[in-house]
Amino acid sequence: MRLLFSALLALLSSIILLFVLLPVAATVTLQLFNFDEFLKAASDPAVWKVVLTTYYAALISTLIAVIFGTPLAYILARKSFPGKSVVEGIVDLPVVIPHTVAGIALLVVFGSSGLIGSFSPLKFVDALPGIVVAMLFVSVPIYINQAKEGFASVDVRLEHVARTLGSSPLRVFFTVSLPLSVRHIVAGAIMSWARGISEFGAVVVIAYYPMIAPTLIYERYLSEGLSAAMPVAAILILLSLAVFVALRIIVGREDVSEGQG
């Protein structure tokens, strides 16, 4: 019976892993049979400009999420207050809103006649700031929840000891809470960055231009077909995978160094 249960677990796990892996692997592998088109896309300056714009916008949105999301994550992990569940619901709201709806909502606020866009010196519609706010909107819940989990995993008694030794709350935060939560914070930042790169629905509503990679892939698919979209999609998959693995390795090495120290 135990062997049967283990086999069932392995089978079901393999099916879901295959479901995730097969489309990605097929997209990349098929470029071996269409290598000329892949090289053409890989040597196209317009493609690289779009890819760099995508990564740059996602990086900015991630930095904003870290700066403003970390304090909120700490509050949610450490404090109890009336309406806390409401705040947590607001944080998770972008997860359940369809992304085209999110784009419309952002347009209402950041559009040229919107609540913020009407008087802001920044232009959001069809501009880089619009891409950033769209990426930030859909990715910030990932970062906040991951950072909150990190802060919650820190033994509160360590903070109390630091306070009894005369450290201020701010010093305790930066010398105890933050360092002990850094693995979750880095993981949250990586996932937030990756989520920003993959965003399409919200971005295309508020800022079709300048193009990001998902928008370019969509446009080429509509105008030229699947064969034209696949090389760019494969490039984005390979680059994102390389960066993601590199960041994971860096984080893993830091964990090993801390363990040896």
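Going from the start of the chain as shown, residues are counted 1 onward.
Positions of Cβ are set from backbone N, Cα and C atoms, glycine also.
Ranges compared are 93-107, 168-182, 243-257, and Swiss-Prot records region 'Gate 1' for 93-107. Between the stretches 61-71, 138-148, 193-203, Swiss-Prot puts its region 'Gate 2' entry on 193-203. Both Lys40 and Ala162 carry topological domain labels in Swiss-Prot, but the labels differ, so the record puts them on opposite sides of the membrane. Contact counts against the transmembrane segment (47-76), taken as Cβ pairs under 8 Å, peak for 124-154 among the stretches 124-154, 185-209, 231-251. Summarised as a single figure, the pLDDT of the topological domain 'Extracellular' (210-230) averages 92. Panel annotation: around the topological domain 'Extracellular' (29-46), residues 227-228, 230-232, 234-235 of the same chain, lying at least six beyond its termini, place a Cβ under 8 Å from a Cβ of the stretch. Under 8 Å from some Cβ of the transmembrane segment (3-28) lie the Cβ atoms of residues 230, 233-234, 237-238, all in the same chain and six or more residues away from its ends.
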